[in-house]
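Pasting the feature list from TrEMBL:
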DOMAIN    91-515  domain 'Major facilitator superfamily (MFS) profile'
TRANSMEM  145-162  transmembrane segment
TRANSMEM  169-191  transmembrane segment
TRANSMEM  197-220  transmembrane segment
TRANSMEM  227-249  transmembrane segment
TRANSMEM  255-274  transmembrane segment
TRANSMEM  344-362  transmembrane segment
TRANSMEM  374-398  transmembrane segment
TRANSMEM  405-421  transmembrane segment
TRANSMEM  427-451  transmembrane segment
TRANSMEM  463-484  transmembrane segment
TRANSMEM  490-510  transmembrane segment
Amino acid sequence: MAFGDLLEHVGSTGRFQVLHVTLLSIPVMMMASHNLLQNFVAAVPPHFCSPQVNLSHFMLSPEDSLQITVPQDKRGKPQRCQRYVTPQWHLLAQNGTNRSEEQGDVELQGCKDGWSYNMTDMTSTIISDWNLVCNMRSLKQMGQTVYMGGVLVGALVFGALSDRYGRRILLIISNLLMAVSGTCVAFSNSFSLYCLFRFGCGMALSGLGLNTFSLIVEWIPTRVRTVVGTLTGYCYTIGQMLLAVIAYFIPDWRWLTLAVSLPFYVFFLISWWFHESSRWLVLSNQSEQAIKNLKSVARFNGRREEGEKINLNMLEESMKKEMSCSQGSYTVLDLFRTRRLRNVTICLSAVWLSTSFAYYGLAMDLQKFGVNIYLIQVIFGAVDIPAKVLITVSMSFIGRRPSQSGALIIAGITILANVLVPYEKQTIRTCLAVMGKGCLAASFSCCFLFSGELYPTIIRQNGMGWVSMMARVGAMVAPMVLLTGDYIPWLPGLIYGGAPIISGIAAIFLPETLGTPLPDTIQDVEEGKTQTVDE
């Protein structure tokens, strides 16, 4: 009897599994909200220099006050980071015509008295609260990079700790860390504290993701893992759209942060109910507790009699193969020891890094499309639904390798095409961006399945940990690339579009895994048990 048979014995798709997966999947929606929260809490409102003198007693309209104190750029818009040294009263007679060519000899200065913000859509953001504009505008991207740094560190810390102390306790800690860190973010009184607690949120996100996935797959049978994995992925998609709705009704960034953080206190309480993985308990020499958990599941599923029959000998017999595989000691270095495995690791690293890099490059800069930020967030979330369906069909009939390569190359082409579209053509730019984001979401879906099938069982966790780390490196770098647009406007688009195309070409050199058995050892990979299509 294998462990899968033992799980069937106590009920593998019964009431316990339905409730277990449901309660684990709900927080995934709020994880999406935290991941993309900066789109709203760090939205840049229209702003310009505050006037150097009080003009209120002159009974001027806001438009007239702006006209005599702030110069215009080449497009006839008020400049954001400069003002006239003295009010230009004579400009009132020009009736608001474009003055950008007539102000060359007028003395200008920076915003010495601060900025005025047009808070039409939101009542406050971290940008308006801490004046993260002009010379300080790079701090906006720095905030997202710090958050992604927390995600990276969290993956390294919580990944190691969950293998040592268990999935359940680390999930409980992660829920509490997310709730407390998110609450502290909302009450931060400086940008430094904001970054510190956002780093904590990033760490918690990794802990939640890793341990949620482990607890789900280790309590369900193999035959339903694909379906359950897809449904869990759609929870993240729904979370992206839910964020736009919450942000629309809560325009203050502090209350918005609280709104997406407070539910984790509830998730923290619920997570005490979860059962630790019996697979992990046996491999950690806690077989007695594993038996108690299995009997509890059997009772919950209405199979009390079958559960009472489980004993220590039956459990150890069912886990014999897993226990023998866990005897060896493997590290990340084993991913590079042999030729075929080294080729797989290098190509997958490029695929994961560029997918995450381009994905967050698009998803974290919604204001550049000139469309309502709430609408574009909903559209960007909704496009994941057909994208994941199409990539699933493609992987099943065409194969993993062409699906992975095609999704990346098409994404790169659409992003590059956007560079050539004039800024005024907002509809075309938005359509291309949505198509590119959908392809990158499809690439993510393919990444997870393809990588799991390419790495052998004995080092699969090391392999998945490595490529996930590369994805987080890409997510950290993505916000900083946006800063190059201040000097060369088309450069970010070129980089975001070029990276997926290069990695899409690299994916062509990966072995095809459609219809092939999973490799168990490094030798299986080297002997080519996972053959390429043309072989």
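Quick reminder: no glycine exception, Cβ is built from N, Cα and C everywhere.
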What average pLDDT is reported by the model for the domain 'Major facilitator superfamily (MFS) profile' (91-515)?
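It averages 84.
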Using a Cβ cut-off of under 8 Å, list the residues of the same chain at least 6 residues beyond the transmembrane segment (463-484) that approach it.
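Distal contacts: 138, 141-142, 144-145, 148-149, 151-152, 155-156, 159, 332, 335, 345, 348-349, 351-361, 364-365, 447, 451-452, 454-455, 491-492, 495-496.
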Flag the pair the transmembrane segment (145-162) / the transmembrane segment (197-220) as in contact if three or more Cβ pairs fall under 8 Å (sequence separation 6 or more).
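Yes, these stretches are in contact.
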Run the contact check on the transmembrane segment (255-274) against the transmembrane segment (405-421): 3 or more C-beta pairs under 8 Å, excluding pairs closer than 6 in sequence.
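Between the transmembrane segment (255-274) and the transmembrane segment (405-421), contact is absent.
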For the transmembrane segment (490-510) and the transmembrane segment (227-249), decide whether they are in contact, meaning at least 3 CB pairs lie under 8 A, counting pairs 6 or more apart in sequence.
no
Can you work out which residues elsewhere in the same chain, 6+ from the ends of the transmembrane segment (227-249), have a Cβ less than 8 Å from its Cβ atoms?
21, 24-26, 28-33, 36-37, 39-40, 212-213, 216-217, 220, 256, 259-260, 374-375, 377-378, 380-382, 384-385, 388, 392, 441, 445, 448
Under a criterion of three or more Cβ pairs within a distance under 8 Å and sequence separation of at least 6, are the transmembrane segment (405-421) and the transmembrane segment (344-362) in contact?
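Touching, yes - the transmembrane segment (405-421) and the transmembrane segment (344-362) meet the threshold of 3 or more Cβ pairs under 8 Å.
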